[in-house]
């Protein structure tokens, strides 16, 4: 079919109309060498440090070394598609991540791309992952508790919103379990959680996703996975992606919990990059700026003042030690950056004391200011009692001829350690914790043999939650801001009533010579 002259002229006119005279310029370089996730590129004379570049294959990279003739680029993906001579294009932007509520309940990689098969994440805003931490004047003091639901931590090593608390210990001592329990305990507390897995096995990450799903905790959690299968550059940027997502929520006044699991593997990934980029190695072959690597990350955890939104980021970094050596390079670095540490011990774990927290080594430098008065007063003497117990235990090994006072300290300390044992994935609400600790403070566990303490604790909590009179006491505790003599007497009398029903159920009790329960101090004084 012949084309008419009028049709031809109309087509030409349409093409002329759409013709664009603008010329686009791209600054490009060429790959000189590539391998081990590092590409050396020449020709990118104006590229900036930390800028994104794109290879011919579509893979992204980030500039990390700026030399006289060459640029060292870390490849954010598979470097097997890159060959010598490929063009590399400047993107004139820094690495950024999508942020927003759309990321809740999702599992993403280090670049915040979804890997959970639930479809695309449609966010309207991206934020650069490398930022300066909030300044001194933008912050306020840490004075609100972040409840972990773990009795030993909330009682003796309390964590506040905006704090950085290190979890440190050997492998397989329950570090991740503490972090996961803390996420589970945030249910209904309006705290968003971000779990960043660095160098973990994919099977472990999948297991954590299943646990959070099972306990209905995934809906307020984002999981960032940079597994052992990922390249070192992706493991390096994963924590920064996580804290950037958290900062967006903090700016909107939300409270966020960020868990870095773990920063030992993060430091190893950065060491790998630095050595491949031919940077000079320092102690333990880590580069000189490995302290700054973690300090710039953890300083972004803060509690903002009201003028800046009033939100907070609480950071729980995890560090794995070798043979309990907390004086190694990375552990000492992170201990000095954080506001305290929770030290997990293998010997405690193997003896059945779980969570295996070593109270002597563990400390919280700012969290005690965040404790409620109800909690603070029931734990006032707990750490001292356990310190005395551990000291006496060492002496008791040398001989059996102990005076009554020493035997009382040893017996009470052993019972307190039993009270502190807690099954995994079952965090306690604060009221339950207060009731348990009340029994210890006022020696209401004196007549109970050590073997029955766990049963006693569980049945006591059940008694308080199912009895109409005790539910009134729980209501009073919930509303109270501080202890009064009347409130203490009320709780004491109800626990004594429970003791009267529980003690006869203990078999062979007549063989057990337990201590008597002392009267309340003011009642003894009035007598």
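Backbone N, Cα and C atoms are what each Cβ position is placed from, and that goes for glycine too.
Sequence-distant neighbours of residue 174 (ATP binding site) (same chain, six or more apart, CB under 8 Å from its CB) are 344, 349, 354, 355, 356, listed in sequence order. DSSP assigns residue 174 (ATP binding site) to coil in the three-state reduction, placing it in neither a helix nor a strand. Feature annotation from Swiss-Prot assigns ATP binding site to 169, 170, 171, 172, 173, 174, 175, 176.
DSSP assigns residue 362 (site 'Required for activity') to coil in the three-state reduction, outside any helix or strand. Swiss-Prot lists 362 with the feature site 'Required for activity'.
If you take the C-beta of residue 362 (site 'Required for activity') and look for same-chain residues 6 or more apart in sequence within under 8 angstroms, you find 156, 157, 340, 341, 342, 343.
Minimal Cβ crowding within 10 Å, among the binding-site residues 171, 175, is found at 171. Cβ-based neighbour count (10 Å, all protein chains) for residue 173 (ATP binding site) stands at 27.
Of all Cβ atoms in the shown protein chains, 20 besides its own fall within 10 Å of the Cβ of residue 176 (ATP binding site). All protein chains shown were included, and the count of other CB atoms within 10 Å of the CB of residue 172 (ATP binding site) stands at 13. Counting only same-chain residues at least 6 apart in sequence, those with a Cβ under 8 Å from the Cβ of residue 169 (ATP binding site) are 175, 320, 321, 324, 343, 344, 345, 346, 356. Those same-chain residues not listed among 169, 170, 171, 172, 173, 174, 175, 176 yet with C-beta within 8 angstroms of the centroid of the ATP site C-beta atoms are 320, 344, 346, 349, 356.
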